[in-house]
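Scroll down for the structure; my scribbles are underneath it.
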Amino acid sequence: MIARGVMLGPDQPVIIHMLDIEPAAEALNGVKMELIDAAFPLLKDVVATTNVVEACQGVNIAVMVGGFPRKEGMERKDVMSKNVSIYKAQASALEQHAAPDCKVLVVANPANTNALILKEFAPSIPEKNITCLTRLDHNRALGQISEKLNVHVSDVRNVIIWGNHSSTQYPDINHATVKTTNGEESVRDAIANDNWLNTEFVTTVQQRGATIIKARKLSSALSAASAACDHIHDWVLGTPKGTWVSMGVYSDGSYGIQPGIIYSFPVTCEKGQWSTVNGLKIDELSREKMDATAKELMEEKTLAYSCLIDD
């Protein structure tokens, strides 16, 4: 997708740097061969390396898809400490070798907390440039609404994912609209089934990742890659007028969410900068769910910091 111009537009040539661990070097080289064999007009060069310095050298955009997956029988703290050490090392390499305006998107789980660790250990990268992926959840929510209403997904907009990229995230449709023959209508009115919206819809989006693992025996691949492209595309090239998207960003205290965590908010983007959408009315049910996911993020932060002390 990147080499085809899906991420940065049809006129932007790209050089792709791919980093992997030593045991995967041969497979990585196979990916490089395929990229060359596809003869993409926009692809100016491919660097495949196991050297983090070479990988980070001069990059303008860093998509962090590598992390340590949780295996059966592992405690959350074990997974967290593995990821803390990975993201601490990545942070130093990016800080020293990436372009000063480098935009970072963390995809690997726990994405919000991995992004927070990266921010802590790369203080010279502007905090607004470190984000995590909740666009996949956002797109999943759009997909569920469009399926329910039997409309095209591009006719639904302005859902919100609040909080953590985990099963406590809150998919919120209270401000979402759908295009109908009579103009735009609120999603809540169009669906006219509060029970479904407040229960099944929320849990389907929250647990969609696990559902896909169950079906495919592998985690989301195409949809995650597509969402990462959407995230960077809109961040760099801007969101359409009147439309917002969800991004995991460093909280500035908006909507009463404590600063110091990476939390998913509704944002608009213009000229390479994102801004939080402010002034949305939050009802009681939403407040409760937004606070619950913030609480989980604070707990993850505490756990991550305890891993740092143990280092």
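Positions of Cβ are set from backbone N, Cα and C atoms, glycine also.
According to TrEMBL, the features are:
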type	residues	note
ACT_SITE	His165	active site, proton acceptor
BINDING	Asp20, Asn83, Val107, Ala108, Asn109	NAD(+) binding site
BINDING	Arg70, Arg76, Asn109, Arg140	substrate binding site
DOMAIN	16-130	domain 'Lactate/malate dehydrogenase N-terminal'
DOMAIN	134-302	domain 'Lactate/malate dehydrogenase C-terminal'
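The two recorded residues Arg76 (substrate binding site) and Val107 (NAD(+) binding site) have their Cα atoms spaced 18 Å from each other.
Model confidence over the domain 'Lactate/malate dehydrogenase C-terminal' (134-302) stands at 97, taken as the mean pLDDT rounded to a whole number. The Cβ neighbour count for Val107 (NAD(+) binding site), using a 10 Å radius and every protein chain shown, is 22.
When other Cβ atoms within 10 Å of the Cβ of Ala108 (NAD(+) binding site) are tallied across all protein chains shown, the result is 20. For the binding-site residues listed here (Arg70, Arg76, Arg140), the lowest count of other CB atoms within 10 A around the CB belongs to Arg76. Of the recorded positions Asp20, Asn83, Asn109, His165, His165 has the largest number of other Cβ atoms within 10 Å of its own Cβ. Distance noted between the C-alpha atoms of Asn83 (NAD(+) binding site) and Arg70 (substrate binding site) is 10 Å. When the record's substrate-binding residues Arg70, Arg76, Asn109, Arg140 are compared pairwise by CA position, the greatest distance found is 26 Å. Between the two most distant C-alpha atoms of the annotated NAD(+) binders (Asp20, Asn83, Val107, Ala108, Asn109) there are 17 Å.
Secondary structure counts, DSSP: the domain 'Lactate/malate dehydrogenase N-terminal' (16-130) has 56 helix, 20 strand, 39 coil.
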